[in-house]
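Undergrad: Sharing a structure below in structure tokens format, with a few things to ask.
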Amino acid sequence: MTNPPYGLLAEVTHQCPLHCLYCSNPVELRAREEELDTADWVRVIREAADLGVVQVHFSGGEPLVRGDLEELVAEAAGLDLYTNLITSGLGLTEVRAKGLVAAGLDSAQLSVQGDTPESTERIADSKRFDKKPLAARIIRDAGLPLNMNVVLHRLNLDRLDAIIDLCDAWGAERLELANTQYYGWGLRNRDLLLPSREQLAGAEAVYRRRKEELASRMELLWILPDYYESYPKPCMGGWAQSAFTVAPDGMVYPCPVAADIDSLSFPSVRSSSLAWIWEEAPAFQAFRGTDWMPDPCRSCDRREIDFGGCRCQAFALTGDAARTDPVCVYSPDHDLIRTAVERANSDAPAPEPAYRGRGRPPG
Ligand code: SF4
Ligand code: FES
């Protein structure tokens, strides 16, 4: 008997005003013409609620690009689901924030890429840093708690103190410091973004100091940089264990970046029910539990702790989603990680940034 899923990540669009170097969305994005329409999304949300989902995270791309977001939030809230908006803040106006809150939005998470217009432009290929404080104010004025997120890497780790100051000044109650995971587009920029050991240690010390200092008003969370760990993360709490993603075109995946695993045939809400997908679709069964595991995971004491790591990372680095995550020190492919880490700690020149849609840096 399969446990019911807890969360739905509704990627309502891949359209986005930012072009972040670390973007974990697939290299090939879904076009606007391929997106599910409002009625399709309403059906998806209803089926998700019937299946046992209790949280819906509206994401993308930038979900505010969709003019029907308020309608989708209202549908989810009407079914008593917890609703969260994951946004760059670009496109957020007072009118839209009021509309979303009236529709029942429970929380919003605002991303920030750097602490200055220049660093934001370099990381996200965007000249609209000024919209970030505005979005933060609008979220707070709408009565929502301000949750923020920053993806950390070689280009901004040294600015962690300043980034935390900024989020504090904007009134953040929670700040997620997410060390980059190298998937999708972001894997192309890995050698540019992977920090050195020393840089990472400095930033972690900043995190620990500021976490204590700010404890009374802001919660700081540190998401581990897995390339520097000995064991992999228990990605998604295990394959198809507690959440799933519906992509803009209706394809359904056990996690947000599984679309790149071309050895699996993923189902679509256009042709199958969510109940069948969750309980029976072969792609969802493929890595559930521990029966699929190869050696060394099969006989390892940690197999119920990390589930062999991340299937997407195994596929991205080895071409085989059924291999042990190369992050693991026991993995026969661990050299793939060791080589990248050695390069990040050497004098090798930084490669040029690769932005979606073009190959050169701004300016
Ligand atoms: Fe985890 Fe597999 Fe490594 Fe054991 S061998 S620590 S189960 S990834
Ligand atoms: Fe897909 Fe880890 S990101 S399983």
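Glycine too: its Cβ is placed from the backbone N, Cα and C atoms.
According to TrEMBL, the feature [4Fe-4S] cluster binding site maps to CYS16, CYS20, CYS23. TrEMBL lists 2-224 with the feature domain 'Radical SAM core'. Positions annotated as region 'Disordered' by TrEMBL: 343-363.
Give me the structural setting of these features: burial, nearby parts and distances.
TA: Secondary structure at CYS20 ([4Fe-4S] cluster binding site), as computed by DSSP, is coil.
Each residue in the domain 'Radical SAM core' (2-224) has a pLDDT score, and their mean in this model is 96.
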Undergrad: Say we define neighbours as other CB atoms within 10 Å of the CB. Which of the binding-site residues CYS16, CYS20 has the fewest?
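TA: If we count Cβ atoms within 10 Å for the binding-site residues CYS16, CYS20, the smallest count is at CYS16.
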Undergrad: What is the set of residues, excluding CYS16, CYS20, CYS23, whose C-beta falls within 8 angstroms of the centroid of the C-beta atoms at the [4Fe-4S] cluster site?
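TA: Neighbours within 8 Å of the Cβ centroid, excluding CYS16, CYS20, CYS23: LEU18, HIS19, TYR22, ASN25, GLY61, ALA124, TRP185, ARG356.
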